[in-house]
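Have a look at the structure below before the remarks.
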Amino acid sequence: MSPSSENSTSSAKKEARSQGHKDEDIEGDHNDWKFRVPYKVHENDEDFKVLYEGGCHFGRVKYQLSRERPLSAKFCHCTTCQVLHGAPFQWAAIFHKEDINFTHGHHDLGWYESEEKTTRHKLPCKVSCAYCRTPIMDEGRNMILLFPTLIKFKNQEEKEKFNPTCHMFYSRRLVDIPDGLPKWTGLNDKSDLIEDSPPEAIQKRKREKEEEEKDGKGENGHEKMKDRME
């Protein structure tokens, strides 16, 4: 944790004590999440710009969003998403952690880290409502991945701002989706495009791969690779 983050956490813990919270609810690694973004349980940001609101199926967990549109939105067909969501794929939207403000249900959140299969708050992890089990988001070290189906859009125009731009891990799909969007075999921009993708997207990726191969081969190719490694 950076010095600024440590100072912020220390101040937040001091404020929590002044509100009458016990040390057992403040100290210890298992409580650290309460004092960090995107949670900050004991803080009330009155200047938070509310553009959207969302929450779990039951209504215990509620949050607000301040960014007009996600940094990125996509459909993911990876097997982890298929299993944990009980669906053929998931619709995901990426935001900065500072873009979300939880207003209710902090203590109704549950964690799951899929690599170690632990329910500790260990990043990156899955976040859900511990009561109704609604998947809330995936929390990374710097970003969060939200599920737009939980957002209460006021109109179709708002919803369209969250439209996906591509499919990821389409090679593991359970159903074909001929929607004209780029379809990556793995992570977007880091894998191959499947032929069902738009022709212009396939050509663009082909040129990028040719440039990547050119950079690592031919005259001075070894020097270029060495420079990158250093």
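Every residue gets a Cβ built from N, Cα and C, even glycine.
According to TrEMBL, the compositional bias 'Polar residues' annotation covers 1-11. The region 'Disordered' annotation in TrEMBL covers 1-29, 187-230. The feature compositional bias 'Basic and acidic residues' is assigned by TrEMBL to 12-29, 214-230. Sequence annotations record features per position, and here TrEMBL assigns domain 'CENP-V/GFA' to 52-185.
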So what pLDDT does the domain 'CENP-V/GFA' (52-185) average out to? 95
In the domain 'CENP-V/GFA' (52-185), how many residues does DSSP call helix, how many strand, and how many coil? 24 helix, 50 strand, 60 coil
